[in-house]
Amino acid sequence: MIDTPDEPVPTGELVLSLRGISKNFGAVSALTDIDLDVHAGEVVALVGDNGAGKSTLVKILAGVHQPSSGTISYRGKQVTLADPSAALTLGIATVFQDLALCENLDIVANIFLGRELNPLRLDEVAMEVRAWTLLNELSARIPSVREVVASLSGGQRQTVAIARSLLLEPKLILLDEPTAALGVAQTAEVLNLIERVRDRGLGVVIISHNMEDVRAVADRIVVLRLGRNNGIFTPDASNQELVSAITGASNNSVSRRAERRQARQDQIQEPRP
Amino acid sequence: MSRQVEQAAPPQLDRADVRVKHEAGLSGSIRAFFDRVRSGDLGSLPVIVGLVIIWTVFASINPIFLSSSNLVNLLFDSSTVGVIALGIVCVLMVGEIDLSVGSISGFASALVGTLWVNQGWPVALAILAAIAVGGFIGALYALLFNRLGMPSFVSTLAGLLAVLGLQLYILGSTGSINLPYGSNLVNFGQLLVMPKFVSFGLAAVPGIVMLITGLRTVARRRAANLSAPSTGGIVTRAVAITIVLELIVFYLNQARGIPWMFGLFVGLVIAMHYALTRTKWGRSMSAVGGNREAARRAGINVRLIYSSAFVLCSMLAAFGGVLSAARLASASQQAGTGDVNLNAIAAAVIGGTSLFGGRGSAYSALLGIIVIQSIASGLTLLDLSSSLRYMITGAVLAIAVIVDSLARRSRVSHGRA
């Protein structure tokens, strides 16, 4: 599933373009001068250590937070994302790390929350059918869509949240740690799904701590460190490069282990030719 | 999974997961009901059990309690505070509270008294003005809550005093205004009952509506390849509810009959139930009450939902005040004071609406107020003082909240909270 390294970076339409985005929470600068481009048909992975500002950036794109300065361009036009519904209307769907589901409502109600069919006489049958269709596309293991979300496991909640983001046929999907709580099969399905979404010409921004997942699907890897851009990599970049960009240090246990492994491989490969 | 579905053609869209047991038929639905209750999803079961206990106790002490004439009076009394409790259900759904509904109802009755009797306005206009003023007070609470972040507990507590002051101010030195006997409003509050054929006819409506919508839903679900409840179950339930309602109506018709005012109250309850369960607005109310941040991120205008809850609550409180003025044929300084506030809130909570938001039903106002008024009526028949009445009502409220907490704990341990 790993992309071939010689594949060029897709240069579809520029869906999203951030320039000089900063966000301050009081005295804390969560983000400083962030630049980010996402093209149609491209998966951009945002990686970084805890507190690097990944989730803050996603919340700005989702309209939850407003940037302190900087510009957001969406499909060539400069936009302000004043609230979540503005982002949704533009076609930016978000799956938050904390999922943002209403535990007292059932799965159908959660998937259609805020965009119910037929507002004055809810069309429960049509909503239920659509919910099953979305969940089946995700190969979800959900016993009943009429269960309240409180009774679901973490992985099932993640699936519901992803299904919800796909409902509006968005142009850009933001996934904040989409595979963190998923089982092996579901992770594979979500990664497959991300590729399917990309092949349909959508832009995808994915945040993950899991380098395997990131390499598996990302076309570009954008590293944040302490709220700043800290390099853009292709998936064939070495683990050492990524880790040092993420942590800001080239000498730590992960990089040392990678070095040793690399050295062993070199030793094995050398005598062959 | 989709491949499995294609291979084995029969499974319906929502029955593809083989690990889940699905109850079928009448015995299945009875078993499912007991499972639900055991896991703490009580619905309105506690209030119905409580009502049976209360009625048994009072009827064994004084048989007059269950006489149809006493029950008709009980329905008259229930309607006024019941309408106020319906508004309380709205604010409790979004996890807020309005402590000033009693004052607003008293102020509304005073307003109708002055405008109609003293100023000579047409009665309908006076009522509309009172309801509009109620809505304005609710909008003020919403403004304080949304823009200034003032907890509704505090703003409505301040409102309780301020609105009571307004009520005393407009009643002036006279202290009370008598509404003319024989006027339509007073007749409506004290005398008007449905003709027998109308009441029997209306009692058949819920069963018929249930049958029609139930069968239509079954047809639509079958067409969409979803599982559907059995037709037999729907027919059984519709017939059962029709028989029960007709028996109740028959019994009450032995005395004066069903009050129009109670009919109006039930109509409002049904409308509210529809709005809360079948519209986007109702869905948003539950969502805001359950998880405000999730609702906001889903693009719901959370402030608007809060505003609608506060405004609706105050308008219903004002309307309840007008009805109680009609019931008492007067607008006095005592209107809306004392236990009106707590009776309305207690009714909603006893009926099963959670104090913590996100869980509730319009029917809880109906069931809860009947419990409260049964206690009041039973104790009055026993010639007990209001001191005892307050204590017993307080104890019942405490028990209701305890049952709610225990059920919530059970739901958590069964993964349904």
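Keep in mind that glycine also has a Cβ here, set from the backbone N, Cα and C atoms.
Copied over from TrEMBL:
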type	residues	note
TRANSMEM	B:45-65	transmembrane segment
TRANSMEM	B:71-92	transmembrane segment
TRANSMEM	B:99-117	transmembrane segment
TRANSMEM	B:123-145	transmembrane segment
TRANSMEM	B:157-177	transmembrane segment
TRANSMEM	B:197-219	transmembrane segment
TRANSMEM	B:231-252	transmembrane segment
TRANSMEM	B:258-276	transmembrane segment
TRANSMEM	B:304-328	transmembrane segment
TRANSMEM	B:340-358	transmembrane segment
TRANSMEM	B:365-382	transmembrane segment
TRANSMEM	B:388-407	transmembrane segment
Sequence-distant residues near the transmembrane segment (B:71-92) by C-beta distance (under 8 Å, 6 or more away from its ends) are 98, 101-102, 105, 152, 189-190, 193, 251-252, 255-259, 261-262, 264-265, 268-269, 272, 285, 289, 308-310, 312-317, 319-321, 323-324, 327, 340, 343-345, 347-349, 351, 353-355, 357, 360-362, 364-366, 368-370, 372-374, 376-377
Examine the transmembrane segment (B:45-65) against the transmembrane segment (B:388-407) and state whether at least 3 Cβ pairs sit under 8 A, considering only residue pairs 6 or more apart. yes
Between the stretches B:99-117, B:157-177, B:258-276, B:304-328, B:340-358, which wins on the count of C-beta pairs under 8 angstroms to the transmembrane segment (B:197-219)? B:258-276
For the transmembrane segment (B:340-358): best-contacting stretch of B:99-117, B:157-177, B:304-328, by Cβ pairs under 8 Å: B:99-117
Any contact between the transmembrane segment (B:304-328) and the transmembrane segment (B:99-117)? By contact I mean 3+ C-beta pairs closer than 8 Å, pairs at least 6 apart along the chain. yes
Please give the sequence-distant neighbours of the transmembrane segment (B:258-276): residues at least 6 beyond its ends with Cβ less than 8 Å from one of its Cβ atoms. 72, 75-76, 78-80, 82-83, 86, 89-90, 93, 188-189, 192-194, 199, 202, 249, 252, 282, 285-286, 316, 323, 326-327, 360-363, 365-366
Any contact between the transmembrane segment (B:157-177) and the transmembrane segment (B:99-117), i.e. 3 or more CB pairs below 8 Å with pairs at least 6 residues apart? yes
